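For reference, the structure discussed in these notes is given below.
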Amino acid sequence: MKMDSEAVEIDGSVMEGGGQILRVSAALSCIIGSSIKITKIRAGRSTPGLRPQHLTGLQLVSDLCSGSLQGASIGSTDISLTPGKTRAGNYTADTQTAGSVCLLLQVALPCALYADAASQLCLKGGTNAEMAPQIDYTIKVIDIDTPGFYPKGGGEVMVTVNPVKELTPVTMTERGNITKIYGRAYVAGVLPFKLAKDMSAAAVRTIRKEIKELYINIQPQQEKEKACGNGNGILIIAESSTGCIFAGSALGKKGVYADKVGIEAAEMLLKNIRHNGCVDEFLQDQLIIFMALAKGTSRIRTGAVTLHTQTAIHIAEQLTQAKFTITKCEDELSRNITYIIECQGSGAVNPNL
């Protein structure tokens, strides 16, 4: 166990300056076993300091790595985490708000990969929340019990994570053609089914203008009774011939026409397809931590590099031996500029396996 004097100091207000700095640094601290002290947490936000969802995520990581967590309370702007041994187990984390379960997963998943056996994570909160990945986006890897909507949350997601000895690098540089576009437009609670049909139809119309040759299947759905709260939203996925996945999503709000929600999701998807990269803007920053930990060189082609991604790289380089480079590629075939994010990974080996 490293002593506090050796804690790596992290400025929580740099670059993107949000909860992502907490998630990346806490997960890496847990995996590489070095203490961290994060100051000026969310300093520039309208409500600075830890919110319920950040606090829950930090506590979850601290539990996973038998760590000691200081300064962790709502509104706190300074915390320190001293990790111990990462142990598999059944862990429950509940934001008790509509705080995003996907963001809880973002912080816990890397840690659980470095445990001594499979772990069960029971994550509670909002499955479809603003400013966070929607659960359907993550659904390819986890299984859902009860969807939960803002403002109540109350959604519950069970995740089983099997550990790895080490992570292999990823190469995603050729996108190929878009081969499939599908998704779902849903209403939950008391909202009329017509809203789902309107969202779906508007989204299909919007995508059709640009992509004419594909069948687009966006299913309107009425969420079952067991959903918590009222809500509506849409998630559209595009898959490419080389296995790349892109998404566009939007959530309904009071007073916003259903058509508008459908169009917003469609435009987000189209924007993410146009650049000819292999990941969309939401997956981009989530891959950084895995690239930093992997053994070997990872390369991914992306559209514009987001501030979230630059922030994740900054933290990953501060806490690990990983080295990132970003190169701009001009594409002769189109006006699109793409970037290659390359990482010499730190090759973190799981000491618990």
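Just so it is clear, glycine is given a Cβ too, placed from its N, Cα and C backbone atoms.
The following features are taken from TrEMBL:
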- H308: active site, tele-AMP-histidine intermediate (ACT_SITE)
- Q106, F282, L283, Q284, D285, Q286: ATP binding site (BINDING)
- 15-326: domain 'RNA 3'-terminal phosphate cyclase' (DOMAIN)
- 173-273: domain 'RNA 3'-terminal phosphate cyclase insert' (DOMAIN)
CB contacts for F282 (ATP binding site) [other CB atoms within 10 A, all chains]: 20
The domain 'RNA 3'-terminal phosphate cyclase' (15-326) [mean pLDDT, rounded to integer]: 89
Relative to the Cβ position of L283 (ATP binding site), how many further Cβ atoms are located within 10 Å? 21
Between D285 (ATP binding site) and H308 (active site, tele-AMP-histidine intermediate), the C-alpha gap once rounded to whole angstrom: 6
Residue pair Q106 (ATP binding site), H308 (active site, tele-AMP-histidine intermediate) - Cα distance, angstrom, rounded: 13
For Q284 (ATP binding site) and the residue listed as 'active site, tele-AMP-histidine intermediate', determine the Cα separation and express it in whole Å. 9
